Structures are given as structure tokens and as C-alpha cells.
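A.B. asks: Shown below is the structure under consideration.
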């Protein structure tokens, strides 16, 4: 059953990336990044649309060259979701994509160049009402900071971020968010905690270069979970060496587990043991695949026996408790007379879940359905 999170979020200012509000209590935006060649417009557009289909709020696109900037023009024309241009080294690329309707510019303080170049980007962003992300990364800190600190430290990442926050402040530009990413969980977490005390701007969270699908998901869940539980974070990206679509799914799963933002079904399922009366694992896997299209937030418990099944079903929108040949079915925590044949559980449960999703959706205001 859908419950509010007890987490009190950090107060922050509000910016907009396209039509997506960021900060000041807005839903935490989930984003990913394309891994296609940006000059391959067809492939990049296809990937952006795939990300949008699974719920991405924002997509970042790497724009490493002027050729990529020209391709970005056509990518933007063929997509609807807000796009962030990821800019490194050459500030002129930022100026070029600004002409093509980019929704946000990500610049890296470690390589974007001197203050005069940043000024050019800021003035362009101001003229076109484009927000900026100051994206600090432990792997690409400025040389003088590496000389000073010898290695990436929370203080080094903070100093890099604040150096550029100060530049934007002097230029009277407040439409920005900041990230201080690192591949080490503790380094990233402490960096964000320090930064959160220094500025009021929205924070974009991420554990950079987290790893493959399994290890990267775990590392991201631990690091981002620590920050989100403290109320820190306004947008996030799960960085995986995997299909970007998985980044969106994991991102929503993390938010869902903290009851910060729910999209789709929260499956509560036992790991199964010799007491199970039906194959829990295959049942859950099949239902997850079949029901990916449901965006309504709801809890479904699938428990293989009567030890924990009834208790979990009491706090679920739909609950299933394994029984001998026939399994018990619960709706809104109430045991129903109807029982499910263990040989046909998936089809029966899918029908009930879809019907229940429509009922739950009708109870939630339309503007809150994707919060």
C-alpha cells in the first residue's frame, strides 16, 4: 500500500530542466545518459525514446565534438524529453548546442577552462534561459587541487565545486545545480554532505563509474541511499556499465525502497525455501516482465508459504500466500474467498494486479501519479 516517506528533504532552490522542475520539493528526477555515438542520430534518438518509455525524466547526451553538436540539433528535433548536453574541454560546443534548444548544460570544472570561458557559457545560458550543472568528478579534478590535496578528497571536490559556484555567483547566475561525484562511496557521500551545507542550489546525485549491472547497482544503492535518507538530493543518475535502461529501473527502485517516489509495482517476495508451495522466483520474474508497463505505485506481496505470507499481505494492495495446491489471495489486506490454482498463478495474478492498478490510480490525483 502506498505510504509517504518519513524523510525530510533538504531545502533547495528551484530550477527547470525543460519542463521538469528540480529542487524545492519537486519529485527527485531520474536520469540516464546515452552510450551511442552522438553522431549516429538514429541510434541516439532510439535510445533516448527507450529511456523515456521506462520513465526517465531527463536524458544526458555526450557532445564531444562540433560534429556531435551538429548531430545534437537533429536529435533534439526528434525527441520530446529534456536533454542535457555533456560538455568537456571545449566551451564553444556549449555555445553551439545552446543554439539548438538544449535544456541544460553540464560543464566539468576540471577541464572546461578559465573563468573567461565560463563567463561566455553563463552569458549564453542566461540569454537562452538554460540552466547549468557544475559537474565535479573525483577522476578529473583540476591540477592545482590534485597538487594541493595529493588525491581526491571530500575537501578537494568541495573546493572545486565552490570555486565555480563563486564564479556563477559573481556573474549573478543562479540557475544551476551541482554534483560532486566519485567512484568511492564514502568519498562521494562525504563530498555531498559538505556541499549540502554550503549552498542552496539543487544537488544531482551519482556514484560515478560504479561498475557493472550488479555491483554498480549495489554501490549506487548504498551511496545514494545514505544521502537520500538524509534528505540530500534533487536528481540522480545510476552510472552502470550496462544498458542505460537499467539505470532508470535501478534509480526508481532506490527511490521506491525509500518511499520517496514510486513508479510501478513494488514487489515484496520471499527468497523461497523448501516450505514454498509454488515457484516464487519464476513467478516474480515473469510478473515483473509482464507488468513493466504499469506506472501506478502499488505494493504486491508474493510469499510462498503461510509463515510470513498473511502478515505481508495485510500491508499490500495485492497479496498472495502459498498454500497446498491452492494459494490464498488478499485484496487491500483482506483475505478473499477466491483462491488461485498453483499451476496458473501468473495469469491469475496478472489479471488481478492490472484491475487493482486501475482502481489505485483512480484514487491518486493525476498530478501525483508520477511523483
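Every residue gets a Cβ built from N, Cα and C, even glycine.
Since the structure is predicted, the reported quantities are computational estimates derived from the model, not experimental observations.
Feature list, courtesy of Swiss-Prot:
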- 270, 273, 305, 312: [4Fe-4S] cluster binding site (BINDING)
A.B. asks: Which Cβ among the binding-site residues (270, 273) has the fewest C-beta neighbours inside 10 Å?
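C.D. replies: Taking 270, 273 as the binding-site residues, the minimal 10 Å Cβ count falls on 273.
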A.B. asks: When DSSP is mapped onto helix/strand/coil, what comes out for residue 312 ([4Fe-4S] cluster binding site)?
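C.D. replies: It is helical.
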A.B. asks: Counting every protein chain present, what is the number of Cβ atoms, excluding its own, within 10 Å of the Cβ of residue 312 ([4Fe-4S] cluster binding site)?
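C.D. replies: Taking all protein chains shown, residue 312 ([4Fe-4S] cluster binding site) has 21 Cβ neighbours within 10 Å.
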A.B. asks: In sequence order, what residues of the same chain, 6+ apart, have a Cβ less than 8 Å from the Cβ of residue 305 ([4Fe-4S] cluster binding site)?
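C.D. replies: Those within reach of residue 305 ([4Fe-4S] cluster binding site), by Cβ under 8 Å and sequence separation of 6 or more, are 270, 275, 276, 277, 321, 322.
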A.B. asks: Can you give me the residues near the recorded [4Fe-4S] cluster site, meaning same chain, not 270, 273, 305, 312 themselves, Cβ no more than 8 Å from the center of the site's Cβ atoms?
C.D. replies: 271, 272, 275, 276, 280, 303, 304, 307, 308, 309, 322
